[in-house]
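Features as listed in TrEMBL:
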TRANSMEM  12-36  transmembrane segment
TRANSMEM  48-68  transmembrane segment
TRANSMEM  80-97  transmembrane segment
TRANSMEM  103-121  transmembrane segment
TRANSMEM  141-162  transmembrane segment
TRANSMEM  182-200  transmembrane segment
TRANSMEM  241-259  transmembrane segment
TRANSMEM  303-322  transmembrane segment
TRANSMEM  334-354  transmembrane segment
TRANSMEM  360-379  transmembrane segment
TRANSMEM  391-412  transmembrane segment
TRANSMEM  424-444  transmembrane segment
Amino acid sequence: MEKRKLSFWQIWNMSFGFLGIQFGFALQGGFMSRIFQTLGAGKEDIPLLWIAAPLTGLLVQPIIGYMSDRTWSVKWGRRRPYFLIGAILSSIALFLVPNSPALWVAAGFLWILDASINISMEPFRALVADKLPQSQRSYGFVVQTLIIGIGTWVASNLPWMVSQFGVSNSAESGVVPMSVKVAFAIGAFVFLASILFTVFTTDEYPPEDMEEFEREKAKKNNFIPDILNNIGNMPSTMKKLGIIQFFSWFAFFTMWSLANPALTEHVYRSPAPIETDYNMSDLSEKGAYDIANTKFQESSNSVGSAMGVYGLSSMAFALLLTLYTSKRNINRKYVHMVSLLLGGSGFLLMNYASPESLKYCFVLIGFAWGSILSMPYAMLSSAVDPKKMGVIMGIFNMFIVIPQIIAALGGVNFVSGLLGEEAINAMTIAGISLIIAGLCNFLITDKNAIRYQEEI
């Protein structure tokens, strides 16, 4: 079926739900480690507490991709039912996470939150390939990245923003500050509202051959054999992109899980105080703890705001790509390579950053993030069977979650430990990993994936 070209606003509407998804991810990525530390976690424990994120992605995304490929409703389409279910569950989880009474409860809610976000997110990637002709795929993924950048910047600054309106940024020992609770509640509302906007403004194409679709749907459910078959028959380009994704997402998982302890300690000189180091029955020591805790919470807000800059720069990067790709083709391979090298440099420069200059490190990281969210998917979508786009996107997610699982199970602690005990070493490892990912782009040789040429 010949797919017609869509206008900017049609692509915007179909991608708008990503604003809410990114609110969820940015609040999780920017403040989950802070919540864990507030509830008593040591910085060496944080990567393992984060294991929910990659594990739920590994389990949920291939399943949702497979199911959405086999779903069709005249009223709701193929992907939109999953957007809506994920949005409802995510909004509930976002509200509950900062209100957790104990560390294990917060870790449990993270499992629910991440699984729910994945239910919404995976079909959005497939929707671009479903709706857009080949010549607009890069454009479509870049528009998604533009919206993601907006969501990242706003959500990352939410605790600081609400504190400017008088919402308290301090709390008793073991209690998450009200500024974080209000920020997560706003995120829950935006998540649901933005998904509803896409659901009610976007339609979907029916399966090209409805009879064949119904026959396939009626067949015995061969989910596991089908998944294994698709893994075994991965196109060469998909495998090579997987190597790039491995090192890219190892770097970003390291940032999400350890940037707060690393930067509050190294850049702001305000590490999280450990309650057992203070005699809380002594008023003077309790006062010293409260002062240290307030400084940590304030510096955590500053780290969150600085991290938000990577969303802003990824948005600017995506806007430039949007303007360019709407008129002409780009060399996806070299755009992605240069972007990752710039991002890696941003991580390495954190070793020398001051509170004032830290944001410039995240500007560079934003270029990498903007490319990671668009170029690999644009290259992949030009190299696989469009009828299997949902399950392929789900399988491709393995190259995202496996490095995160390795990092969470001790990989990042082990590798950064080789450089010393300072928490900032984790950011150095993230930089090296992202530079390796950039250089791996030389492996991509499929001309159709690198630069799709519209037929004349």
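Cβ atoms are placed via backbone N, Cα and C, with glycine included.
What you are looking at is a predicted structure, and each value in this text was computed from that prediction instead of being measured.
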Contact check, the transmembrane segment (141-162) vs the transmembrane segment (12-36), 3+ Cβ pairs under 8 Å, seq sep 6+: yes
Folded-back contacts onto the transmembrane segment (103-121), same chain, C-beta under 8 angstroms, at least six residues removed: 17-18, 20-21, 24-25, 28, 32, 35-36, 39-41, 49-50, 52-53, 55-57, 59-61, 64, 82-83, 85-87, 89-90, 92-94, 96-97, 195
The transmembrane segment (303-322) versus listed stretches 12-36, 80-97, 182-200, 334-354, 360-379: most Cβ pairs under 8 Å: 360-379
Contact call for the transmembrane segment (360-379) and the transmembrane segment (12-36): at least 3 Cβ pairs under 8 Å, seq gap 6+: no
Tertiary contacts of the transmembrane segment (241-259) (same chain, 6+ residues out, Cβ under 8 Å): 28-30, 32-33, 43, 46-47, 50, 53-54, 234, 303, 307, 336, 340, 343-344, 347, 365, 368-369, 372, 376, 379-380, 396, 398-404, 406-408, 411-412, 416, 423, 426-427, 429-431, 433-434, 436-437, 440-441, 443-444
Top partner of the transmembrane segment (12-36) among 48-68, 80-97, 182-200, 334-354 - counted as Cβ pairs under 8 Å: 182-200
